[in-house]
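What TrEMBL says about this one:
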{"type": "ACT_SITE", "residues": "Cys119", "note": "active site"}
{"type": "ACT_SITE", "residues": "His244", "note": "active site"}
{"type": "ACT_SITE", "residues": "Asn274", "note": "active site"}
{"type": "DOMAIN", "residues": "113-190", "note": "domain 'Beta-ketoacyl-[acyl-carrier-protein] synthase III N-terminal'"}
{"type": "DOMAIN", "residues": "228-316", "note": "domain 'Beta-ketoacyl-[acyl-carrier-protein] synthase III C-terminal'"}
{"type": "REGION", "residues": "245-249", "note": "region 'ACP-binding'"}
Amino acid sequence: MRIPDVAPGAKVLAFGHYQPATIVTNDDLAKVMDTNDEWIQSRVGIRERRIASEGESVEDMAVQAGGKALAASGLSASDIDLVIVATCTLETQIPNAAAVVAHRLGIESPGAFDVNAACAGFCYALATASAAVRGGSARNVLVIGSEKLSQWVDPTDRSTAVIFADGAGAAVVAPSDTPGIGPVVWGSAGDRSDAIIINDRNDSLHQEGQAVFRWATTALHPVAREACERAGVDPSELAAFVPHQANLRIIEAIARKLGADKAVIARDIVTAGNTSAASIPLALSRMIERGEVRSGDLALVLGFGAGLTYAGQVIEVP
Ligand code: UT7
């Protein structure tokens, strides 16, 4: 047996994102359910969110975001030999999204699979992509988080409909001489699996909001710190902190406890809502586009959600 040459490191070459065209404001929601702009902004931090059209699928949004990341990376479709889609909101279980998306992007016969680690999915997929590149089982990987939460949320349920939204974000992962993706710290709390749940295919998403809030604001800053420690980075050196966009109060609580004093904190939730596995690459891609972070900056990404699952790693901004 021969072991292939392995790359010393892996890095993100480029990000890309896609948001559906329809903007739904808090006032729009207040017209159809018992809620109001003041409650949503003060309790969750969302001002508006994007909702996909009826015919627009998880795969459609993934193709848009993946295509942009690929174009920005300077690679061509033939350079990609592994595609991973992180999602928990596919309309059907078969076929998987990754194979369909790869085909539509003109990527011929790559390895293709989906990851379901709910809102932590992108960080799981990024870690898997990094390991595949460093271990020699892939040259370049397209990693996409794409979600259509609107098709799994009861549009009249004010406890979820005001929070969850649709969108996609993507990254191209390639080999590098120096590490650009730090070691992942990941884990789960399966004893809390009913805290965020869709019971069956006719059901909608339910979450024990307060219980998840308590967990997120008490259990995750040590994970964030450990991800920094394992990458040999002090939190004070972080230029950006990009946690899953679940709730602005959670984002700010973890940031405070982490002590990333110089970091720009992602607050994409304000205009994008909670897009589960898409929220981290969507937020970071938009921060890069707005010039809030620069190439070479260190950013901590931290996903968490149903499962319960969590994962975080330090990455170098492309
Ligand atoms: O992405 C996956 C991970 N998920 C999370 O991290 C979510 C974590 N949890 C949260 O972000 C928050 O718990 C929520 C945003 C889900 C809810 O916020 P909360 O501050 O925990 O509110 P609550 O559920 O305790 O509800 C407080 C009050 C209740 O009224 P009473 O019983 O005090 O009279 C609710 O009925 O607010 C009421 N309420 C609303 N009022 C207006 C609940 N939803 C709404 C609404 N508009 N949309």
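Quick reminder: no glycine exception, Cβ is built from N, Cα and C everywhere.
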Residue, out of the active-site residues His244, Asn274, whose Cβ gathers the largest set of other Cβ atoms within 10 Å: His244
Assigned element (helix, strand, coil) containing Asn274 (active site), judged by DSSP: strand
